[in-house]
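Inspection log for the structure reproduced underneath, given as structure tokens.
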Amino acid sequence: MAEAVFRAPKRKRRVYESYESPLPIPFGQDQGPRKEFRIFQAEMISNNVVVRGTEDMEQLYGKGYFGKGILSRSRPNFTIANPTLAARWKGVQTDMPIITSEKYQHRVEWARDFLRRQGHDESTVQKILTDYTEPLELPCREEKEETPQHEPLSSKADSSLEGRVEKDELPVTPGGAGQSDDLPGLGTHSDCLQEGPGHATLAAASPSSHNGHVAEDPEVLPQETLVPQGGLWPEASSQAAGEKRAAHEYVLIEEELCGAQEEEAAAASDEKLLKRKKLVCRRNPYRIFEYLQLSLEEAFFLAYALGCLSIYYEKEPLTIVKLWQAFTAVQPTFRTTYMAYHYFRSKGWVPKVGLKYGTDLLLYRKGPPFYHASYSVIIELLDDNYEGSLRRPFSWKSLAALSRVSGNVSKELMLCYLIKPSTMTAEDMETPECMKRIQVQEVILSRWVSSRERSDQDEL
């Protein structure tokens, strides 16, 4: 057997973020005051481990690239804002996301279906949505001192912002195209939009109540009814609890001005088209929350190896032994895959799921934003006599096919053998202490090409 040759990881051509110090040790490169050791919180829901807190999500992914946003490719940065509209309305100073009228109507239809499934009749559903999605006066907000040359946001009867291109342009802040957040300062002035308590009447939740008209329907509905849960309420941390209390999310919808003709709009330039549009402030009837989903191996590594994650099930914290047993019940191969995950993480690699390329793990240097995966890993658990039931018994044909797939994507195929003593029983595997007796052997599989080997011999 020839000795494997180490190949340097292949760096990505474009890197769009800086490397942060990994958990749990804060390095000197982090700016700001030195923070104390932090315990993150997660929940086990439907055999999945999820993190809801916004700050916890950012820290876990940014410092070690743990987990994945359920609505994003990797980093949880989902937003409903339209970047094209944000650039078009760059003169508007707002933290609210700007979306198209079509996207807003999709959310109205989702909310309509949600209310129908709750058993409401069509007239009640229509009344709820009509009151809830009426145009709103712009909430009060303090003007920033660094931009005194611009006019404050005006609130008119039509509750809209007219497009201003040539003069009186309104300033813009980066929040318009970024993550959509609730408006700051709500409830601080008497003439601002007021947020209700945990349960509010339709009159309190309806825009008409702010204009001096009280809705006639006295029915009391929870805010979760008015704002259906597309994801989960972010309630795992104090900051996320504050996000839950802010029951409504406000959006700006780009709508046509009255009297604008489709033929004229199609032939008009962008500047003229913007003059025929307006921004209307409305409530978002169907909010979608993104959370960070951790694999079972990532969750256990954070809880067991780093000790920086507390996992709850039905509001009860789970011990390390209970986590080991619960994850094994959910995923029978968890013990084997976690031992390999723990080993490679301890070596400084960032392991990710390798299902895309038919393997158990992919190994990244630093993280996926910086390097391509170097190795595709197959994991097997054997005894010290190299005997045992294989998780994936390969034939020469299937092994050659997997090797060819890994080679075509510039990755090396690694066979990771976890060797346990022959005296280790099933009872010994019931706790993570069994890992102290496990040995690891790595075998890199490479395809032998006769023509290439012949040319190498001729050169020698």
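Positions of Cβ are set from backbone N, Cα and C atoms, glycine also.
Between SER346, SER403, SER422, the residue that has phosphoserine written against it in Swiss-Prot is SER403.
Screening SER237, SER410, SER446 against Swiss-Prot annotations picks out SER410 (annotated as phosphoserine). What Swiss-Prot records as phosphoserine, among SER18, SER101, SER238, SER406, is residue SER406. The Cβ of SER406 (phosphoserine) has 25 neighbouring Cβ atoms from other residues within 10 Å, across all protein chains displayed. Neighbour counts of Cβ atoms within 10 Å were compared across the active-site residues HIS372, LYS411; the minimum falls on HIS372. Counting only same-chain residues at least 6 apart in sequence, those with a Cβ under 8 Å from the Cβ of TYR364 (active site) are PRO9, TYR65, TRP349, VAL350, PRO351, LYS352, PHE370, TYR371, HIS372, ALA373, SER374.
Listed in sequence order, LEU413, LEU445, SER446, ARG447 are the same-chain residues at least 6 apart in sequence whose CB falls under 8 Å from the CB of SER403 (phosphoserine).
For SER410 (phosphoserine), the number of other Cβ atoms no farther than 10 Å from its own Cβ, over all displayed protein chains, is 11.
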